[in-house]
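Q: The ATP binding site feature in TrEMBL is assigned to GLY345, LEU346, SER347, GLY348, SER349, GLY350, LYS351, SER352. Sequence annotations record features per position, and here TrEMBL assigns domain 'ATP-sulfurylase PUA-like' to 16-92. Residues annotated as domain 'APS kinase' in TrEMBL: 337-488.
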Amino acid sequence: MTGPAAAPPTFTPGPDAMAHLELILNGACPLPGFMTASETASVVKRGRLPDGTPWPVPVTLPVPDELVGAERVTLTDAEGAPLAELTVSERWWAGSLPWRVNGETSGHRLAGEVHLARPPVHGVYRSLRRAPAEVRGSREIGALAHRPMLAVLTDRPLHHRALHQIRTAIKEVGRGGPVEVLLLIDAPFDDEGAVPAVLAAEPLLPPRSRFAVLTLPRAETTDGIAPPEGRTELLAAHVAAAYGASHLLINRDPDQPPAVPVPGAPVRIVAPAAWAYDIRAGAWRLADRVTAGESRSELTPTEVEDLLGRGETLPAWFTSSRVSAELARRRPARVRRGLTLFFTGLSGSGKSTIARGVADAIRRSGRTVTLLDGDVVRRMLSSGLTFSRSDRDLNVRRIGYVAAEIGRHGGVAVCAPIAPYAATRAEVRAMAEDTGDFFLVHVATPLEVCEARDRKGLYAKARLGEIPEFTGISDPYEAPGDADLVIDTTTATEAESVATVVEALRAGGWLPRMAG
Ligand SMILES: Nc1ncnc2c1ncn2[C@@H]1O[C@H](COP(=O)(O)OS(=O)(=O)O)[C@@H](OP(=O)(O)O)[C@H]1O
Ligand SMILES: Nc1ncnc2c1ncn2[C@@H]1O[C@H](COP(=O)(O)OP(=O)(O)O)[C@@H](O)[C@H]1O
């Protein structure tokens, strides 16, 4: 007698496989599922599937070892809601290929067809994540479907330069006739990305322009074999074609213009026209019509970030007031922007003492501040955790999560754990920078000084072996290579150390100049 079949195991794909899965499920990517080893090899080597169909990028599903034996797998979103059923046709090992995909030499992959289990609900701006069929369907009335459609793929706001490029492309595509415009906004699943800033430019686009949000997977790096030129453009062209576009304009860093033309592209990729700002005329013009020395190119993202950080309005020659206001909302001046101030260092190095003093100074400046001190966190958030590597990582990640949420609401989180591992600190930086800024202070007081202080008598016990895995004695401390400030408290007074950090925060713009 056989009982009811066991439910297949569940798995949440990583960000790139998730992006591929979404494109497969919504029909933007004309593949039935994830690729086998020979399909992957064929795509990487020849830019074609084994049957000769041109296809630009490998679409693979990396899975943990325990899934290798599964016949079927339920793929879920990050919250565990089922998205698709994978019927496994092949299990393969990335190390079997003679090159590395995304730098991985090992790791298992599952290949096979996927079938939609339930329409996805995950992702920021889900209502704008329109499937290609939905967009195509809305054009099948009257003459719309016969008009050329220009898709504009962008992962960044549309400033004057990009808007001029779109207008030029419309003229080129329509030759005087009407053109439909579809903005394909490439944004991460879990972040609004450039979506609000692109939507803010809607009144400056042709009437009835449409918008669809999607997440394009990063193009894998394939060491040992040169990636074919225009690979990312070709993937974008396939996606644009699925949405019904006849032409594609890609809005990117002007220093890295898209490869054009792209052989085999199912839509025509339009080369972006070169526009420059004519300082004398006070207007944007085609670059070849502006006298050398009187043109200026648009602000770089770093210049934009710097102006926003100082609370200055972006210049009107560069962008519209609508886009500028939207960017200022997302990146308020640093005096109002969320900040994770993160101290790391050995036990007894001075983290808690300095953190307390700095938190007081921040409070006096009028900002809201939360102190997440190591000892308090260990009692409240992380009670029960040990000092094993995995428990330390969990402890530090929890601190990072809370700090990032504080940052999301414009507050300052001052954190002071040992945080001995570089990789975990990097994770915290990434979480914090998603919602605000991150500032890392390495309290680099040497071990001998910390041990001589031995405020809690822990070093003596650690030397006697009474405390195992003690940082600096019997457990590692990875000194940061990315600290924004390094402090040694060997000879400095507490007040001096606090003042050094406060001054750095003032200089960076996170505290008003006169606070203290
Ligand atoms: N094995 C071991 N190693 C290091 N430290 C130990 C250990 N056992 C207890 N303690 C005490 O715990 C404090 C460090 O906790 P943290 O949460 O900051 O550590 S970690 O970031 O999770 O590594 C640390 O406090 P601080 O002196 O404030 O850093 C120590 O007092
Ligand atoms: N410049 C300084 N900054 C911070 N602490 C100092 C300084 N000079 C001496 N100390 C002393 O060093 C000890 C640091 O302890 P603590 O702040 O708890 O360190 P940690 O949190 O890194 O374990 C305190 O006793 C403090 O008085």
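Placement of Cβ uses the backbone N, Cα and C atoms for every residue, glycine included.
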Q: Quick one: which residues besides GLY345, LEU346, SER347, GLY348, SER349, GLY350, LYS351, SER352 have a Cβ within 8 Å of the ATP site's Cβ centroid, in sequence order?
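A: Neighbours within 8 Å of the Cβ centroid, excluding GLY345, LEU346, SER347, GLY348, SER349, GLY350, LYS351, SER352: ILE418, VAL443, THR445, CYS450.
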Q: Sort out the sequence-distant neighbours of GLY345 (ATP binding site) for me: same chain, 6+ apart, CB within less than 8 Å of its CB, listed by position.
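A: In sequence order, the residues whose Cβ lies under 8 Å from that of GLY345 (ATP binding site) (at least 6 apart) are LYS351, ILE418, HIS442, VAL443, ALA444, THR445.
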Q: Note down the number of other Cβ atoms within 10 Å of the Cβ of SER352 (ATP binding site), including every protein chain shown.
A: 20
Q: For GLY350 (ATP binding site), what residues in its own chain, 6 or more apart in sequence, show a Cβ-Cβ distance under 8 Å?
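A: Correct list: VAL443, THR445, ILE487, THR489, GLU494, SER497.
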Q: Give me the count of other Cβ atoms within 10 A of the Cβ belonging to SER349 (ATP binding site).
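A: By my count, 28.
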Q: So which of the binding-site residues GLY345, LEU346, SER347, SER349, GLY350, SER352 sit close to ligand 1, that is, with a CB under 6 Å from an atom of it?
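A: Listed by sequence, the hits are SER347, SER352.
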Q: Tally the residues of the domain 'ATP-sulfurylase PUA-like' (16-92) by DSSP class, grouping H, G and I as helix, E and B as strand, and everything else as coil.
A: 23 helix, 23 strand, 31 coil
Q: What is the number of other Cβ atoms found within 10 Å of the Cβ of LYS351 (ATP binding site)?
A: 28
Q: Indicate whether SER352 (ATP binding site) is helix, strand or coil by DSSP.
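A: The residue in question, SER352 (ATP binding site), is helix (DSSP, three-state).
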Q: Please give me the CB contact count at 10 A for LEU346 (ATP binding site), counting all chains in the structure.
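A: Taking all protein chains shown, LEU346 (ATP binding site) has 24 Cβ neighbours within 10 Å.
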Q: Show which residues of the chain containing SER347 (ATP binding site), separated from it by at least 6 in sequence, have their CB under 8 Å from its CB.
A: ILE418, CYS450, LYS456, LEU458, TYR459, PHE470, THR471, GLY472
Q: Where does SER347 (ATP binding site) sit by DSSP, helix, strand or coil?
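A: The residue in question, SER347 (ATP binding site), is coil (DSSP, three-state).
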Q: Hey, what's the Cβ neighbour count for GLY348 (ATP binding site) at 10 Å?
A: 23
